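Heads up: the structure comes next, in structure tokens.
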Amino acid sequence: MDIKKGHLLYEINILKALAFIAVVTQSAIVFALKASPVAMELSIMSYLYTFFKFSAPAFIFITGFLLFHHHYHRVSYRSFLTKKIADTYIPFIFWTLIYSALFIQLPSFSVNWLELIGSQLIIGSAANHLWYVVMVFQFSLLFPILVWSYKKIQAKMVASNNFRWMTIILIPASYLAILVGFNQFVFDGSYLTENFFLKYLDRSFLLYFIYFLLGGTAALYLSQWTAFIKKSMKILVPALLLVTIAVGCYIYFVQFPSGISLNEVTPLSPVMFILVLLQILVLYGVSLAITKKQGYLFRLLNFIGKYTFGSYLVHLIFLEWIAMIIEPGFINSALLASAIYLVLTVLFSVIFTFSIGSLPYCVMIIGPFEKVKLRNTMVAQMFTLVTAKIHK
């Protein structure tokens, strides 16, 4: 194992930025589809929506990577959990109240309202992206147990070659079995049960543990992981293209032959698992390549990556406002509308989070972030250019 706490993980910041952009892309597509696009645009946008479903698994991979990187060898559970509550759950509570007030039309203070807020805080239903915070927080709650289990299994893998291969086979097989059961008995495009715990199983750590485990393993064996990704890109990229085509054909001609519904598309299916896994591997390779070049794209994505959590929490508000000002019907192309929504939402979300980052107790609103000084950044150059134009 080669955990280097002083190692600057720029590639993780790039990956965070790419995952955040994927989230906003999905949301922008949903809003743009209100324009009732022509059949060709509808097919393209539905496929793009499906393709960008890697966002949540990618964030879980990043969560596993960072938790193992910083806390694998030693963790004080009390201080660790206190920090995670402050960094993650307090901002979640804040934005749950905001979204509940804005989008669910806050009723008068009553027992029913308290029940509504209570359920939103448990299942993350105040907005359609807050479920992720509920799910990822479970990994923080269970982290000491997960690390203990990982160390026990790892010790046996080192001692026995047979156990190593058995583990490598059984863990993905177990995950696939969970996905098959989920799709067979809980969700096959629509919910098959009204049981509360089963209905909201899609935000359980059980359905994402493989990505957390992969991220943790990548952090523990960073040199080997990086070498593997770089060496395998010539195979991974063509494989991703082939699997993307195959999954697209399966979804459109087998799974949803009568027409796809965006609400029915989920990464929690055995078919999508292969696609998402390849996407994470390829995107990590892309992040390494962008980091190596240290160009303008690196500076931009690295900046965005420092503020992804807060930007993620707030992005739906900005998207809602942008779509109200620039209605989908005003633009002839739904594809163009989604692109405009994407760019503006990312821009305003990151600027908002960056601005809030200078306030006292800002972590309670936007969560953890890496503070950036504008000096010597591309953003500083942009601000200088805009200021110069204004003075002229």
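Any Cβ shown, glycine's included, is placed from N, Cα and C.
The domain 'Acyltransferase 3' annotation in TrEMBL covers 10-353. Residues or ranges marked as transmembrane segment by TrEMBL: 12-35, 47-68, 89-109, 129-150, 162-185, 205-223, 235-253, 273-291, 303-326, 338-366.
Packing against the transmembrane segment (338-366) from elsewhere in the chain are residues 20-21, 24-25, 27-29, 31-32, 45, 86-87, 90-91, 94, 303-304, 307, 309-315, 318-319, 322-323, 326, 331, 372, 379: each is 6 or more residues past its ends and has a CB under 8 Å from a CB in it. Packing against the transmembrane segment (47-68) from elsewhere in the chain are residues 3, 9, 12, 15-16, 18-20, 22-23, 25-26, 29-30, 132, 135-136, 139-140, 143, 147, 208, 211-220, 244, 247-248, 251-252, 260, 262, 265-267, 272, 275-276, 279-280, 283: each is 6 or more residues past its ends and has a CB under 8 Å from a CB in it. Sequence-distant residue pairs (6 or more apart) of the transmembrane segment (129-150) and the transmembrane segment (235-253) include fewer than 3 whose Cβ atoms are under 8 Å, leaving the two stretches without contact. Only pairs six or more apart in sequence are counted, and the transmembrane segment (273-291) with the transmembrane segment (303-326) gives fewer than three Cβ pairs under 8 Å, not enough to call it a contact. Sequence-distant contacts of the transmembrane segment (303-326) (same chain, six or more residues past either end, CB-CB distance under 8 Å): 12-17, 19-21, 23-24, 27-28, 31, 34, 88, 91-92, 95, 98-99, 102-103, 127-130, 132-133, 337, 340-341, 344-346, 348-350, 352-354, 356-357, 365-372, 377-379. Along the domain 'Acyltransferase 3' (10-353), the predicted structure has mean pLDDT 88.
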